[in-house]
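Below: the structure, in structure tokens.
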Amino acid sequence: MSFANVPAGKDLPQDFNVIIEIPAQSDPVKYEADKDLGLLVVDRFVGTGMRYPVNYGFIPQTLSGDGDPVDVLVITPFPLLAGSVVRSRALGMLQMTDESGVDAKLIAVPHDKVCPMTANLKSLDDVPEYLKDQIKHFFENYKALEKGKWVKVDGWVGIEAAHKEITEGVANFRK
């Protein structure tokens, strides 16, 4: 499978695809999609030994402000396989800045037709506080032992900001 063949989604920005790079609760290894190979490659081992609290991936055929595809954290009842594609919808976004610049993370759940168990989650207000705290804590600390790397979490924003990030990401990719 080539990641280049996966469309951004069916009804953007409300309905989009996410390619999972890192499953929820997986070992502290950062995988990234290699555009040329069309495969997941090991980017680095995360020095803090922290597990990713939710599935981590990206929307194909998008380009965010940091030059990478739009990042997405997908909340699911079970971890998803690395390399799998999940039809999703946004709840909001975690705004962040790191050593490379703006690095926002969309917060999403599978589309209701894919996972009825998350159909009741309509916005970030519906996500349990402890899970939002885990996500925030993870990103505040996961680079702590890597020289020259840092993260500043700027806060949570709603679904409108997430939809704007998707729309701009698709437009940037098409330029």
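The first residue you see is number 1, and the count goes up from there.
Cβ coordinates are placed from backbone N, Cα and C, and glycine is handled just like the others.
Remember, TrEMBL labels are computer predictions, not curated facts.
Binding of Mg(2+) 1 is annotated in TrEMBL for Asp66, Asp71; the matching candidate from Asp27, Asp103, Asp112 at the same site is Asp103. Residues listed for substrate, Lys30, Arg44, Tyr56, Tyr142, cover a largest CA to CA span of 15 Å. Apart from Asp66, Asp71, Asp103, the residues listed for Mg(2+) 1, the same chain places the Cβ atoms of Ser64, Gly65, Asp68, Met96, Asp98, Ser100, Gly101, Val102, Ala104, Lys105 within 8 Å of the centroid of those Cβ atoms. When the alpha carbons of Tyr56 (substrate binding site) and Asp103 (Mg(2+) 1 binding site) are compared, the span between them is 13 angstrom.
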